[in-house]
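Here is the structure we will look at, set down as structure tokens.
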Amino acid sequence: MSYTKVSPPVSPTPTLSPFSSRSSSNGSTASQKRESHLTATAKRQKYFRRLLKFRQMDFEYAFWQMIYLFISPQKVYRNFQYRKQTKDQWARDDPAFLVLLTFWLCASSIGFTLALNLGILGFIKFLLWVIFVDCIGVGLLIATLFWFISNRYMLINPPRGQDVEWGYAFDVHLNAFFPLLMILHFFQLPFLTFFINKEMFLSRFFGNTLWLLAIGYYIYITFLGYSALPYLKNTRTLLFLMTGVLLIYILSLILGWNFSWGLSQFYHDRVMDSV
């Protein structure tokens, strides 16, 4: 496979004349220095200001990242390392990935609305719940938890003045959430009503196996995200979470727990109670 087939799309760069190369280089260096001296608050404000500036977002690159989170997630994190070298920050400075993720959440919500017969008002509430609770709300909690644990217990001693950015921890969550969304909200959806949500062992086995795959992917991509940071140690301990997941999976098959049916009932009751 050639390099061009696995490289992310890049924005075109202007051609410089020999007379302007030195001044351009100096200007670029000064710009990078200003970027590196931005505080975390300033970077966060800059990120949110770009949320409504769609023309400044690189959707092609964000889409490339989504594809390679399935094919080769290591390549995605290698580009995070490149961002650290060029912009002195690990976290994304372009909200295009979050905007595209919101689009996929909207699309999956339409499918769940039809499958669960929620109606228009139900769709609106379901969509708001999935975006602001399942994705962002839970993501804030998970990102904060991993951010605290990694900075408190996983930094190499001495830490050399480096720590895990909270924005990067949230980006790791978004990266891991996307494959989970595709598996549980898209691939599972056609089988949900007529097969998975039935009182049969095969239905329970198929549905819970999808959950095992989705959560396993989430843990693996989270592990890759933190192992990409050169100043963290013992990142392999994150993979130990799979032991608990496997135990719950086995117990669910023995005790008759159907995770997909339970989630469907939760969503339906949560939405319909206030519609």
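Note that Cβ sites are derived from N, Cα and C of the backbone, with glycine treated the same way.
Heads up, TrEMBL stuff is auto-annotated, nobody curated it.
What TrEMBL records for 1-31 is compositional bias 'Low complexity'. Sequence annotations record features per position, and here TrEMBL assigns region 'Disordered' to 1-38. The transmembrane segment annotation in TrEMBL covers 97-119, 126-149, 176-197, 209-232, 238-260.
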By Cβ distance under 8 Å, which residues at least 6 away from the ends of the transmembrane segment (126-149) in the same chain are close to it?
101-102, 105-106, 108-109, 112-113, 118, 164, 166, 169-170, 172-174, 177, 181, 222, 226, 267, 270-271
Which bits of the chain, at least 6 residues beyond where the transmembrane segment (97-119) starts or stops, bring a Cβ under 8 A of a Cβ in it?
51, 54, 57, 59, 62-63, 65-66, 126-127, 130-131, 135, 171, 174, 177-178, 181-182, 185-186, 189, 192-193, 264, 267-268, 271-272, 275
